[in-house]
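So that you can see what the record holds, here are the features copied from TrEMBL:
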type     : residues : note
COILED   : 605-632  : coiled coil
COMPBIAS : 26-41    : compositional bias 'Basic and acidic residues'
COMPBIAS : 708-719  : compositional bias 'Polar residues'
COMPBIAS : 720-729  : compositional bias 'Basic and acidic residues'
COMPBIAS : 744-753  : compositional bias 'Basic and acidic residues'
COMPBIAS : 760-783  : compositional bias 'Basic and acidic residues'
DOMAIN   : 382-488  : domain 'PDXDC1/PDXD2 second'
DOMAIN   : 494-599  : domain 'PDXDC1-like third'
REGION   : 26-46    : region 'Disordered'
REGION   : 671-783  : region 'Disordered'
Amino acid sequence: KMVDPTLAEMGKNLNEAMKMLEDNQRKVEEENEKKYARKDIPGPLQGSGQDMVSILQLVQNLMHGEEEEETSQAYRLQNVGEQGHMALLGHSLAAYISVLDRERLRKLTTRILSDTTLWLCRLFRYENGSAYYHEDDREGLLKICRLVIHTRYEDYTVEGFNVLYTKQPVIYISSAARTGLGQVLCNQLGLPLSCMCRVPCNTMFGSQHQMDVALLDRLIKDDVESGKLPLLLVANAGTPGAGHTDKLGRLKELCEQYNMWLHVEGVNLATLALGYVSSSVLAATKCDSMTLTLGSWLGLPAVPAVTLYRHEDPSLSLAAGLTSSQPVEKLRALPLWLSLQYLGHDGIVERIKHASQLSQRLLENLKNLDFIKTSVEDELSSPVVVFKFFREYANRDQTSHAAQASTIQHPIISNERHIYDTFNQWLGEQLAQLVPASGVDVVELEDEGTCVRFSPLMTSAVLGTEIQDVDQLVDCLKMKIPVLTSTLQLREEFEQEVKRTVGLLYIEDLSWPGLGVVRYNYHSDGKNDDKQEKELEKINTELLKKLNELESDLTFSLGPEFGGQKNCIYIGMVTEDLDVSELVETIAATGREIEENSRLLENMTEVVRKGIQEAQLQLQKANEERLLEEGLLRQIPVVGSVLNWFSPFQASPKGRTFNLTAGSLESTESTYVSKAQGTGATPPPTPTSSLAKQRLPGQKIFKRSLRSSDAFSETSSVSHCDDLEKMDQRPPTLSPGQEQGPLETERTAEQKEVAQPTKTDIEDIQSDKSPHDTKLEEQESQR
């Protein structure tokens, strides 16, 4: 039974507020409102105030935003669940608890902080540790750096940064760490960038995403000899890109040798809660500090990150900001305290185990796919799966592979890697769009290039990823692989065809995921650059419109919105049955047709103007001739009428017609004689592709026809014509009363003697007859 009525009212109000915010049904009036309604414009604060329902309605409208964003936002809110409500309730309770009297507040915050710290240390196998709760996941490492500075520099509290002049501190981070981490630490600590040392990863032995321990040892020795003080080492238990774990055991030994602090962070730390933990990750329990991001691992919204650390001097921890004497600061752990109790130990382990099973399920399926290369550290237990599309060529030797991995690359190999990066970028975007519940994203790695990453520990709890989503992801990947291989094979053929075709220009754009880029060249006749550019843009725009009107499976576009070439036709992904020659021929023919039409329209004004002037001159000349023929008397008004009545003058009407097709003037005498207007010359036919005329019924454009079926139909037609010719060459059939001549009698006798078929031969011939021959014989007998 709830004793405190305020807590009961708070829980009730929170439930009502969440139901209202998660209700995605819009009213009809709101759907018909304009994009920028009056209520979206900031205005003055109302004096009378508003009720809770109106305020929550405003929050709902601001959360959902535009209509196209409604689906994605609603999907995430539906997966918050009750454990998310507990985390949100923690923030409300923290505000309520902060108004308690100081003694009660101190007891309550101490209990919450000690319980949460004890649970996390036991859950993640970190014995005798303390905890610091922070909103920004980098803030914990920042406080640890302050703690180490206070520990190694005894006079730092009194003299401040002056003690750093004698011995400059050095912080070591891996080159595979988060981007900008070293710069953030230096800015917040007030240290120069020279205090940050980036340690390269392995190049010869071991994982290429692990820190090179031997090189780190040499770097530390050089810094010690130069009078610097090695301070702290940041290692990874799951790099941000590939999810690989550094050799934490050897790094810990190295830190103990040089009296350095070892801090570990990464997504693989979540597996410490499982029953089976790999030895590489288990070594993280011996480090000096680690940062845990429980919000993304467990799908808990608005819960703080936790940094667990071991230190014996509480005064230095207080000076570094890891602990606080303010009870309100300790309430940061309240949302996590509520959520951990709601989930329980089994619920937490089950969520992390489910994410690991998802990654293993995907990894097992990827092993059976061709042209897919995976990059995982441990195939038995790898929470992060990174894969890419890669096609290995049989004729490529080891030297090319070595050159591809080197810094200075051959131009062909460099272009090939750029193309693969583009294709994998497209593949990752397609998979994320087709299976949004999978949470896959695109990651840039230093050695592998662009890859697709699946990290369920960071996304599955929020998105609600299940085994069915992983299977659907694999199915979509199987559908995309043939498209990628076909497009990669036909790119070179398309380039060669375009270069051989007159009027087309091949544009090399390695960042375009598709067949290629082509431009129709406009043949300018001494025009300036601006006019030529406009004509080129007009022709290629009309060409793109014509190509999109064709019934094909290809996608034609103007390319990317930013960074693309102007006045070009971008062709997307294709399948293996694409007829490249027909495609290129169609593009060239359509471009020529558009260019001819544009030239005709361009010259039409001048041609018509000259034709009208010529027609006026000819008509004026015809009027003068008519005056000479009729005479002067017929031009006088009264005399001319009388003269025409006595002696009518017969004159044939003469006119001129302008032929737009021929661009010339013609006489209208034939029109008056035939009482109909002539059609003139027939316009030339539109240039079309010759291959398109040979298309089979039901076959789409730009598709290769089956050669076997064409050969079969051609052979059948030839054999059918031969049968008809043989029938025409047969001797005529005589009527019963008609006699044969002597020559015909001798010829018939010779035929009987030469080839007289037996009964067995007749049966064999009849059995070899085709249905077509049988039908012809029936028709012949009916005749």
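Each Cβ is built from the backbone N, Cα and C atoms, and glycine gets one as well.
On a predicted model such as this, the values are computed, not experimentally measured, just so you know.
As a summary of secondary structure, the domain 'PDXDC1-like third' (494-599) carries 48 helix, 15 strand, 43 coil according to DSSP.
Each residue in the coiled coil (605-632) has a pLDDT score, and their mean in this model is 75. Shown for the domain 'PDXDC1/PDXD2 second' (382-488): DSSP residue counts in helix, strand and coil, namely 65 helix, 16 strand, 26 coil.
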